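Record features (TrEMBL):
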REGION    1-221  region '2-C-methyl-D-erythritol 4-phosphate cytidylyltransferase'
SITE      R15  site 'Transition state stabilizer'
SITE      K20  site 'Transition state stabilizer'
SITE      R147  site 'Positions MEP for the nucleophilic attack'
SITE      K202  site 'Positions MEP for the nucleophilic attack'
REGION    221-377  region '2-C-methyl-D-erythritol 2,4-cyclodiphosphate synthase'
DOMAIN    221-373  domain '2-C-methyl-D-erythritol 2,4-cyclodiphosphate synthase'
BINDING   D227, H229, H261  divalent metal cation binding site
BINDING   D227, A228, H229, H253, S254, D275, I276, G277, T351, T352, M353, E354, F358, R361  4-CDP-2-C-methyl-D-erythritol 2-phosphate binding site
SITE      H253  site 'Transition state stabilizer'
SITE      T352  site 'Transition state stabilizer'
Amino acid sequence: MTFAAIVVAAGSGSRAGGDKQWRPLGGRPVVRWSVEALLKAGAEEVIVVVAADGLDRAAEALGGLEGWRAVAGGAERADSVRAGLAELTGVADRPVLVHDAARPLLSADVIARLLEALPGADGAIAALPVSDTLKRGADRIEGTVDRSGLWRAQTPQAFRADRLIAAYAVRPEGSAPTDEAAVVERDGGVVRLVQGDPRLMKLTYPEDFAMAEALIPRQTRVGQGFDAHRWGPGEEVWLCGVSIPHDQTLIGHSDADAGLHALTDAVLGAMGDGDIGDHFPPTDPKWKGAASEQFLIHAVERLTARGGRLVNVDVTLICERPKVKPHREAMRERLAEILHLPRDAVSVKATTMERMGFTGREEGLAASALATIELPA
Ligand SMILES: Nc1ccn([C@@H]2O[C@H](COP(=O)(O)OP(=O)(O)OP(=O)(O)O)[C@@H](O)[C@H]2O)c(=O)n1
Ligand SMILES: C[C@](O)(CO)[C@H](O)COP(=O)(O)O
């Protein structure tokens, strides 16, 4: 079924500390989640209603998406919805879904349920039955409210466009309606209740962001990295971010910390984001003698920008000498610091090759690493 959508994002978000629609959630601006979900579900046009000074921010937050346009809203939510309705094009009896940008975790299932429920009614809204006992009062209980038949209204709320426009055209005295269903009910319309979704929670208070982050569906991925460097004359070697006195050093364009290089590749690998050479070409003089920590930090920053997080890392150093064990805890501590991980999520191990191969002959040292990450699905 074809439909249009209005995403209202013109509020000030004062209870959340301001500007909640532009804040990142799982690596994407809050407003982008719903616009993407509606476009993916087949919305022919999505009108995004923003504050008068928010048009540039909308362009930035929704860059790369097609099928939406922004329009300035008003002082009350109802004014913003009216501004969105005025912008609609297309057939008058087409369904329109009105949705709060502040409810980012919108699923295709909820959209489908609303569109299925609409024929034969004036509207349908996503809602959840009240499941807690309800009390009335201020600092002490004045009564217990019967919760049977009570629902918590969510958005989207779906209507035939012409029906909603007609209902909003009536402007009775009194406080502004807080949702579309109230407007259509007041106008004598029949509005159906459709099963909502707890994940459609409205971001209202600062603490709601942590809750929403936890509700984002994530996929777990594993990346692997391997690196080797040749031994040469020197007095110290850098391994996993720690300097170890030694009678040789590892030769490389940077500080040749093979442990950090393998780990950087493991993080990039888990993201499908190329390898360390793509991001820090060895031909670039900028990286000559560079501390390899910055390569790993860069990889983790790219992960964070995509809304991802590291779960654990595991590095194996392969060499006959130096003995790694005396430095292992310092390496774990340094990696835990760089990666903002608890120590028990960081493992550093070492093995010899029993004098076999290039590490056994002490021509070079090798390192292999695994990284587990979580990315928004
Ligand atoms: N004049 C307004 C007021 C609200 N909204 C939108 O309506 C949705 C639900 O409103 P609410 O969560 O209450 O947002 P704010 O009004 O922004 O929050 P607050 O009351 O804390 O300032 C939000 O997506 C908000 O951007 C809007 O488009 N125009
Ligand atoms: C529309 C709404 O999300 C339904 O629950 C809600 O009424 C909007 O929030 P507000 O705080 O009342 O503006």
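Using N, Cα and C of the backbone, Cβ positions are placed for all residues, glycine too.
Just so you know, TrEMBL annotations never went through curation; they're auto-generated.
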Separation of alpha carbons, H261 (divalent metal cation binding site) and R147 (site 'Positions MEP for the nucleophilic attack') (Å): 59
Residues among the recorded positions R15, K202, D227, M353 that border ligand 1 - Cβ under 6 angstroms, in sequence order: R15, K202
CB contacts for T352 (site 'Transition state stabilizer') [other CB atoms within 10 A, all chains]: 15
Any further residue of that chain within 8 Å (Cβ to the Cβ centroid of D227, H229, H261) of the recorded divalent metal cation site: A228, L250, G252, A256, D257, A258, G259, L260, A262, A366, A367
Whole-number Å value for how far F358 (4-CDP-2-C-methyl-D-erythritol 2-phosphate binding site) lies from T352 (site 'Transition state stabilizer') (Cα to Cα): 11
Residue among the recorded positions R15, H261 whose Cβ has the most other Cβ atoms within 10 Å: H261
Cβ neighbour count within 10 Å of S254 (4-CDP-2-C-methyl-D-erythritol 2-phosphate binding site): 21
Nearest recorded site to F358 (4-CDP-2-C-methyl-D-erythritol 2-phosphate binding site) by CA-CA distance, among recorded positions K20, D227, H229, H261: H229
Among K20, R147, H229, which are recorded positions, the residue with the most C-beta atoms within 10 angstroms of its C-beta: K20
Whole-number Å value for how far I276 (4-CDP-2-C-methyl-D-erythritol 2-phosphate binding site) lies from D227 (divalent metal cation binding site) (Cα to Cα): 10
Sequence-distant neighbours of T351 (4-CDP-2-C-methyl-D-erythritol 2-phosphate binding site) in its chain (C-beta under 8 A, six or more apart): T316, L317, I318
For R15 (site 'Transition state stabilizer'), the one of K202, S254, H261, I276, M353 that lies nearest, given that the recorded positions are compared by Cα: K202
H261 (divalent metal cation binding site) versus recorded positions K20, S254, M353 - nearest by Cα: S254
